[in-house]
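**Q** Got a structure for you, written out below as structure tokens; questions coming shortly.
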Amino acid sequence: MSVRVVARIRPLLPKELDKDTIVTADSTEEGKPATLVKIPNPKNESEEFSFAFNSVYDQAATQEALFASEVSPHLKSLFQGLDVTIFAYGVTGTGKTHTMRGGLKLADRGVIPRLLSGIYRRGKKTAKDTDGQTTVDVALSYYEIYNDKVFDLMEPPEKRLPAGLPLREKDGKTIVVGLSERPCQDLKDFEKLYIEANNNRVTASTKLNAHSSRSHAILRVKVTQTTGDVVRESTASAIDLAGSEDNRRTDNGKERLVESAAINKSLFVLSQCIDAISRGDKRIPYRESKMTRILSLGQNNGITIMILNLAPLRSYHLDTLSSLNVSSRAKRIEVREIENEVVFKQVPRTNSNNGAGTMRQALRPLANAHNVHSGVMASKEKAADATRPVKAFSVYTDKSKPTAMARPTAVITQVRKRPSDSDSLPRPTKIMRPSQPLHSAQTKLSISADQLEALVEKKVSEILAARVSQAAEPAAPAVAAVHPDINDAVQKRLEALERRIQEDERREDSRSDGLRHLLLARQAKEKGDDATALEMYELALPFFPGQAKLLGKIEKLRARLGMDVEETAKGSRRKRRKVVALDEDEYHGAVDADADADESFVYRDPKPRSKKTAKHVKVAVPLTTTAYEPTSPRSQQLLDIVNSRDLAQIQRLHGFGAKKARDLVDFLRLMGEDDDGNIFTLAQLRTVPGMGGRTVERAYEGLVGAV
């Protein structure tokens, strides 16, 4: 069923003239009720627009006629479990509040008072027809949406929260959290509550309306029918929407403009929802406004009636045309008429623990408690000292049951739970868990140390045996590989492959050692230490036998050291430059990468250092120490500390921290078994990665200063 749209044209006010009327009601056929609203085209007066609705009521229509034709027929559906929603829509000053609320006179009562009156009459009739088996209860909730915030009208304004009440979704419906609900027995109670709540609603005077509603008001009437254990609930919602305003005509102030903006926004979102539903869009913007979220037009399962209020004057021409367009699209909205589910009452649970005959567990005698005495101890103290008052407390005692005498208990070193007495029942929660006697616990714990050790050893042996059996199962196929049926040729080929793999592994290890020696030789050569470079090349020669380039370099270095020793010494005294060596990964190719040594390094010019006045005399490090010259005692001491690989001694050297000491020890370990992995000269120590000449000088000077 689609939304039922009803148009009502309000009568003229005393100051309004009949000549300004442009909106009229008409019918499709003579003698039938009016269903058309006609209005001229604002751009062409000779052209007239017609809008068709379910019903149209002209200026002479009364409140009684509107209610009897549009609302009263749906009271039966309300008591059948369907929800009914009635809302008034239109611009400001078109009579929405008058239609919904009405006046104080009996003939001027609006839809809401007449709706409650009809509900009460229908409820009494239902109770009478069922001989009192069905009871009808009515509860009211009344709230407003002011500036897009929800406020309870049943509560005074001083109790309102600034943020209003939140909205939540439950069972496909939008509910207001914290909304009060007042029971209403008869029409007098309703009138009292309704008048009091309307006084809390925000209204103000504008240029277009002397009593303009500044908020949307929603009255929720909850009807509950109870027949035995069957409960049926239904809801009737009456919504008085605030009217849209043209602020160019209202002359509103700052506060009224804020209110008008909130009203216009919510009504605009409502028109967007109607347009989206009529177009069949998948997304309907309900959540962009709290009013549309509560109204949920098209999503609520029940009967929806839209009362379109129109002003007949020319001054409302454009606003009336806009309202007619929105309402005509609202007719296309389809709603489902689904009855609310019937709820069955549950029998209230009776608490079996209540009553005078409840069996209680006796209290534990508090022998060690202070200021609390059991009955036996109290009687003994009373006999000993009659003048002293007895301090005895009786908690949860039953007079019908004699007090159990406290039993003398032996002193127990361990704290154990008290066993339940045989003459009293335990608590209900412990009926299925009877406590075990104490002697069983003692027998379980009586195990000697030897027995415990034997038990543990047995368990360990079982676990180890299980692991061995599991490991033997996957190893079975490997054993089957060596089978006597295999051909001898195949077995020889397998052995040859294994030997080749082992040789390749050894060759790779030796190749890495040889590359490391070549790296050290390259660094020593660039620093001008030809003796160390020659030594490193000779150490690398066994790993690369027959290499012509390597042999040529060794011969050149030997000739240079033998022919021009003085020139070598002078060159080694020159100030060395800092060198950024390549990583060891650069030497993974072949030994041929050692060619063109000058192109493999990047030099950085040393920064000029300012001369500082030395507080003590520095001893120069012998830079020309080679493998063919004897080292000084101080140099030998430094080398012994380094070759000891003792982190503590190395860290005590000047300029050596924990990281540098660890790096030096790791390097010495990586040098392999050649020459026992030791360093024999200071020049060789300078070539170690991370050392450098400055570090060796500081360590040497520190040894001299310690003397």
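Just so you know, glycine gets a Cβ as well, placed from its N, Cα and C.
Among the features that TrEMBL reports, ATP binding site is placed at G90, V91, T92, G93, T94, G95, K96, T97. Marked as domain 'Kinesin motor' by TrEMBL: 2-333. Per TrEMBL, the feature region 'Disordered' maps to 414-443.
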**Q** Which secondary structure state does DSSP assign to T92 (ATP binding site), in the simple three-class scheme?
**A** coil
**Q** Select one residue from G90, G93, G95: among these binding-site residues, choose the one with the most other Cβ atoms within 10 Å of its Cβ.
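**A** Of G90, G93, G95, the one with the most crowded Cβ is G90.
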**Q** Identify all same-chain residues not among G90, V91, T92, G93, T94, G95, K96, T97 whose C-beta atom falls within 8 angstroms of the centroid of the ATP site's C-beta atoms; report them in sequence order.
**A** R10, A88, N209, G243, N309, A311
**Q** Any same-chain residues 6+ apart from K96 (ATP binding site) with CB under 8 Å of its CB? Would you list them in sequence order, or say none?
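**A** In sequence order, A88, Y89, G90, S213, D240, L241, G243, I307, N309 meet the Cβ cut-off.
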**Q** Sort out for me which one of T92, T94, T97 has the most neighbouring CB atoms within 10 A, since those are the binding-site residues we care about.
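**A** Comparing the binding-site residues T92, T94, T97, the most crowded Cβ belongs to T94.
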**Q** Applying a 10 Å Cβ distance cut-off over all chains shown, what neighbour count does V91 (ATP binding site) have?
**A** 22
**Q** Kindly state the mean pLDDT of the domain 'Kinesin motor' (2-333) in the predicted structure.
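**A** That region's mean pLDDT is 90.
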